[in-house]
Amino acid sequence: MELSFYILSGGKSSRMGEDKGLVEVNGEKMVKQVLEKLKSIGPQIKIITSNKAYKNHGFPLLPDVVPNKGPMGGLLTALKDSPTSNAFIIGCDMPLIPKEAYLHLIRSHQEDRITVASIGGIPNPLFSIYPKSLESNVASHVAGEKLKMIDFIRDNKHEVIPMENSLDFDESLFKNFNTREDLES
Ligand SMILES: Nc1nc2c(ncn2[C@@H]2O[C@H](COP(=O)(O)OP(=O)(O)OP(=O)(O)O)[C@@H](O)[C@H]2O)c(=O)[nH]1
């Protein structure tokens, strides 16, 4: 299955106070850590942001087609752009997720549905694979201001893959870093 990868980095980062993807965790920018894993998985990688500071990572940047709609706007941008029939959507603030987790989700994916990773019983729409065929459904949600990713997933054919059941992962590897306190913990 051919896949394109999109890192969502277009958020307001209001809790962090500065653009999250460019903040360092364990001495390296979060976006860089995500890119390092993706590079070894597939060639089609883009960062969805309008912040030019992401440019020096060497991957194409893509601004949101409809700005200020949160991750749903990022998903719409990704599916519109995707040259492949499926797109892997990843938040920029989960830098510790191991490559094996990406591979596991890809192996679990079936082309006609959304494949959502769950961690500790909680589905994560920003570590998920979406069929490009859902683009018009996403566009309707965005136009109707129905911006909760989880509601979109529930409205469409999907499968939840509990990461901890299949792989011997520590849940802490799926931590996302939203605040300064998160960085210190
Ligand atoms: N492209 C794009 N990505 C977004 C948008 N809003 C949020 N994201 C990304 O979605 C992921 C989760 O974002 P959140 O933590 O919910 O929101 P945030 O705006 O980044 O941060 P807060 O303002 O602190 O809530 C992060 O990777 C964000 O960069 C958006 O409007 N466009």
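Every residue, even glycine, has its Cβ placed from backbone N, Cα and C.
Record features (TrEMBL):
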type: BINDING; residues: LEU8, SER9, GLY10, LYS20, ASP64, ASP93; note: GTP binding site
type: BINDING; residues: ASP93; note: Mg(2+) binding site
type: DOMAIN; residues: 7-146; note: domain 'MobA-like NTP transferase'
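All features noted in TrEMBL, drawn onto the structure.
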residue	record	Cβ contacts under 8 Å, 6 or more apart
LEU8	GTP binding site	ILE48, PRO71, GLY74, LEU75, ALA78, ILE89, ILE90, GLY91, CYS92, LEU126
SER9	GTP binding site	ASP19, LYS20, GLY21, VAL31, ILE47, ILE48, THR49, ASN51, TYR54, CYS92
GLY10	GTP binding site	ILE48, THR49, SER50, ASN51, PRO63, ASP64, PRO67, GLY73, GLY74
ASP93	GTP binding site	LYS20, GLY21, MET30, ASN176, PHE177, ASN178
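Look at LEU8 (GTP binding site): DSSP puts it in a strand. In this structure, of the binding-site residues LYS20, ASP64, the smallest number of CB atoms within 10 A of the CB marks ASP64. Reduced to three states, the DSSP call for LYS20 (GTP binding site) is helix.
In this structure, ASP64 (GTP binding site) belongs to neither helix nor strand by DSSP; it is coil.
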